[in-house]
Amino acid sequence: MVSYVWFQPWTCAYSAVDSNPLSIYVMHPFWNFVVKFLPTWLAPNLITLTGFMFLVLNFLMLAFYDFDFTASAAGHEHVPSWVWVAAGIFNFLAYTLDGVDGKQARRTNSSTPLGELFDHGLDSWACIFFVATVYSIFGRGESGVGVATLYYILWVVLFSFILSHWEKYNTGILFLPWGYDISQVTISLVYLVTAVVGVETWYQPVLFHFLYRDLFTFMIIACSFTVTLPMSLYNVMKAYRSNSLKHSSFYEAFLPFLSPVLLFLLSTTWVVCSPSNILELQPRIFYLMVGTAFANVTCKLIVCQMSNTRCQPLNWLLLPMLVVVLLVVSGTVVNETLLLYVWTAAVILAHIHYGISVVQQLSGHFNIFEEERIDLKGAEV
């Protein structure tokens, strides 16, 4: 099933606010320096895709060495040190390319709504890949984080991400969250430190009986509820008081949260009512399914806020997922693990199909392929 996009309201204007001191004083100057070394023929979207694939590579690499998140626990064979070095480098490269792609687009005068959608769409999917990869540092042992706890932490990260696009849906301005830059730099450093000191270091308490896993959990939750959420509500209320809010009614303003909340309820019902305790058996695949489904919901919100169209009340993926959850809860399914794998594959294929369809529609509307063909001909002449 393809969700079609109405193109008339689309514009090439990109309105974003980045007030993070780390980003302003450190990362942007660094990205401005890096982009000068990129050839002008290098497409910004290729830079975006390459950065995203580094995160996928990290996810697959850790899945090979630590599929069930037990490698960091005491008494288990740990992930090789070189893997953590590679993970740190790949994560920082992904973060750098994510910051450089837009600068390359402006440098080559090739900024398009397709580039914005491609960038933010892949960012929404990237959430699950870096959260699952970071989890392997602590694992699920005695000094680690339980799979159920990580499940709810993942949802905190996902909702923190969608808040920024909910802001833009209501205000027309994308307020970039502070937590993103800080977390990416920190994660890259933690990977490298882990390669040097080993995962055993994270077994030790930070202070008294307060473990590093507790610090990890506290930082994510505290950042979301004391920084990201309050700033989002403040920006939306500020737009409301200045009569610049794009959606006047309460229902329309909060409509983008309907599908994410329903997805949370469905997936949590599966976790709680699972006859085989599926989250304990297959945490990595379950996280991947949830993160991909959420990315699909978020991408459709991004399309709506970019095209100035009304957000869809219900994502169609939720309907077959409701059937899947009912089959599990009722005990109809004999092999719950097989069902999870099949449903995860279906969600991934559906999300990729949606992405390709939207890219093709946007490319056709803005004559992107035609313009590139003309540019190549001009270069040959």
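These residue numbers are counts, starting from 1, taken along the chain as shown.
Note: Cβ is positioned from N, Cα and C throughout, glycine not excepted.
Noted in TrEMBL for the protein shown:
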TRANSMEM  46-67  transmembrane segment
TRANSMEM  79-97  transmembrane segment
TRANSMEM  117-138  transmembrane segment
TRANSMEM  144-164  transmembrane segment
TRANSMEM  215-237  transmembrane segment
TRANSMEM  249-272  transmembrane segment
TRANSMEM  284-303  transmembrane segment
TRANSMEM  315-334  transmembrane segment
TRANSMEM  340-359  transmembrane segment
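Away from its own ends, the transmembrane segment (46-67) comes close to residues 38, 79-80, 83, 86-87, 90-91, 93-98, 100-101, 104, 115, 118-119, 122, 125-126, 128-130, 132-133, 136, 139, 284 of its chain (Cβ-Cβ under 8 Å, at least six residues beyond either end). Remote same-chain residues near the transmembrane segment (340-359) are listed as 1-3, 5, 114, 117-118, 121, 125, 278, 282, 285-286, 288-289, 292-293, 295-296, 299-300, 303, 317, 320-321, 324 (criterion: CB distance under 8 Å, separation of at least six residues from the stretch ends). Count of Cβ pairs under 8 Å against the transmembrane segment (284-303): among 79-97, 117-138, 215-237, 249-272, 315-334, the largest is for 117-138.
Most Cβ pairs under 8 Å to the transmembrane segment (79-97), among the stretches 117-138, 215-237, 315-334, belong to 117-138.
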